[in-house]
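Asks: Sharing a structure here in structure tokens format.
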Amino acid sequence: MPGDVGEETLEIGAVVGKRYKVVQKLGEGGCGSVFKVEDTSEKGQHYALKVEFKSQDAGNILKMEVQILSQLISKKHVAKCVASGKKERYSYMVMTLLGESLDSLLKKHGPFLNVSTQVRIGICILFGIKQVHDIGYLHRDLKPANVAMGCKGSADERYFLVLDFGLARQYIADEDDGLKMRRPREKTYFRGTARYCSVAMHDRYEQGRVDDLWALVYILAEMRCRLAWHDVDDKVEIGEMKRKIHDEVLFAKSPVQMLSFVKTVRSTLFYHRPDYEKLFKLLEDVMKCANYKWSDPYHWEPEKKKNPASQGNKFGLGKKGTKESGELPEASFFTVDDFNTNPLGF
């Protein structure tokens, strides 16, 4: 019967939370399933429904997601949790419906993207990372599959949002004399995805804010050049390859500013607050030098007439350079103020 919940799925037509009707299954993983649902109380309004079945023993991953999204509710450019609850056989969360993931876009339109797209996505991810860090959490599993565009027609349709906080961990503790960073454990279990995690995670050290930035480093590199360990499965071997690779090789097809970007990340220690503002300015400098605009079409969008004066040949990018701006506002989506605030004070 519609509405019955099996061990692995919900039927099309099932109603969750007395108002969210399942209309399409979007995906499935070891931690549950994702569905597109329609709000029966608001015609035409759709959301994403995440369901975590108790039979799958996912370890309350959904509970962590609800907790983080609830704390991010007042932040901009983040998915919103609009409802959550528990049933006898599953837990659920209703959240903002997003567009395609970066992973999907790379597979469909890649394997590589142009620099204008690379740096804009990089800025969006950097902002998303900072939003999570500012409420006292680490993501710990940043990868292209966990970054997605806003849904078409929404205010965030031109932004890329960070999502999937199931492996997140709080890095602050409320002690007698105020909020403090938690002391790192000597050794930890592996958390994350081997292709994108930091070398420190390969060594099973406690992850800090800087480790999320290392994931961004590898995502940025992969948007322009195949990672040397792309086809390697062994975690130890991947860790050794990351240790040995030179920055100039990692970012061989990227603007020179990326070398300063990775150098800045490398100089950041566990207890250090990352210099988000400096990292933002490095990516923004790429845009300024090549006259890239936030209104430019993304790599997979129809190209407008090229403007010869704004081609990317300053970086040796070949024929695929800057695209002429479309009809979107020319103003930057972000400002320095988005990256220099420090609500935690450390």
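Start at 1 and count along the chain as shown; that gives each residue its number.
Quick reminder: no glycine exception, Cβ is built from N, Cα and C everywhere.
According to Swiss-Prot, the protein has these features:
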ACT_SITE  D141  active site, proton acceptor
BINDING   L26, G27, E28, G29, G30, C31, G32, S33, V34, K50  ATP binding site
DOMAIN    20-287  domain 'Protein kinase'
REGION    302-326  region 'Disordered'
Asks: Looking only at C-alpha atoms, tell me how far D141 (active site, proton acceptor) is from L26 (ATP binding site), rounded to the nearest Å.
Replies: 20
Asks: Check the DSSP secondary structure of G32 (ATP binding site), expressed as helix, strand or coil.
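Replies: Note: G32 (ATP binding site) is in a strand by DSSP.
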Asks: What is the Cβ neighbour count of L26 (ATP binding site) at a 10 Å cut-off, with all protein chains included?
Replies: 14
Asks: Of E28, D141, the recorded positions given in the record, which has the fewest other CB atoms within 10 A of its CB?
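Replies: If we count Cβ atoms within 10 Å for the recorded positions E28, D141, the smallest count is at E28.
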Asks: Any idea what DSSP makes of D141 (active site, proton acceptor), helix, strand or coil?
Replies: coil
